[in-house]
């Protein structure tokens, strides 16, 4: 019996010398190698699953771009347009607008706009009109609508006015403020609004 006890003691001591710690009935191995990282198995599995999921998601997104190129091109071209307007110009719906701080006659205001490769504002929709009224405030601003010698009303870009908004007054040039769109004398001195497409 003594020889059995001796062999167990020798085995136990030789295992303890190699890094084992005896904690009662369970034995826990702790091997420390220089430069190694110890990660428990559940954490290792979680990391592998996350990396795999990320790779699958990236592959799925790239495959979607090739299977539905029209959808991605449409989103990229329409949603990511950044208007480039000069300083002091305001960007709205792919158009640059300039609201003057001085006053001039309609003809001189149109000339000032031309110097910036623009015209007095041409308004195509109710939304554009709401935008101009809001920014004009209480001050009268020239826009690019004029009646040449009692003929048809035309915009500064040459298009005919189709009477889509109510125009009051008896003048031949049109101004706008936050409430009204009015035909007034072209020689009056008002602020003005220039417009041109954004780049």
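Just so you know, glycine gets a Cβ as well, placed from its N, Cα and C.
Swiss-Prot annotations:
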type: TOPO_DOM; residues: 1-40; note: topological domain 'Cytoplasmic'
type: REGION; residues: 1-20; note: region 'Disordered'
type: TRANSMEM; residues: 41-61; note: transmembrane segment
type: TOPO_DOM; residues: 62-199; note: topological domain 'Extracellular'
type: DOMAIN; residues: 92-195; note: domain 'C-type lectin'
type: CARBOHYD; residues: 150; note: N-linked glycosylation site
type: CARBOHYD; residues: 166; note: N-linked glycosylation site
type: CARBOHYD; residues: 180; note: N-linked glycosylation site
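Structural mapping of features recorded in Swiss-Prot.
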{"residue": "150", "record": "N-linked glycosylation site", "Cβ neighbours (10 Å)": "6"}
{"residue": "166", "record": "N-linked glycosylation site", "Cβ neighbours (10 Å)": "7"}
{"residue": "180", "record": "N-linked glycosylation site", "Cβ neighbours (10 Å)": "13"}
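Mean pLDDT of the predicted structure over the topological domain 'Extracellular' (62-199): 85. Reported as a whole number, the C-alpha separation between residue 180 (N-linked glycosylation site) and residue 166 (N-linked glycosylation site) equals 9 Å. In the topological domain 'Extracellular' (62-199), helix, strand and coil residues by DSSP number 38 helix, 40 strand, 60 coil. Put simply, residue 150 (N-linked glycosylation site) is 18 Å from residue 166 (N-linked glycosylation site) when counted between their Cα atoms.
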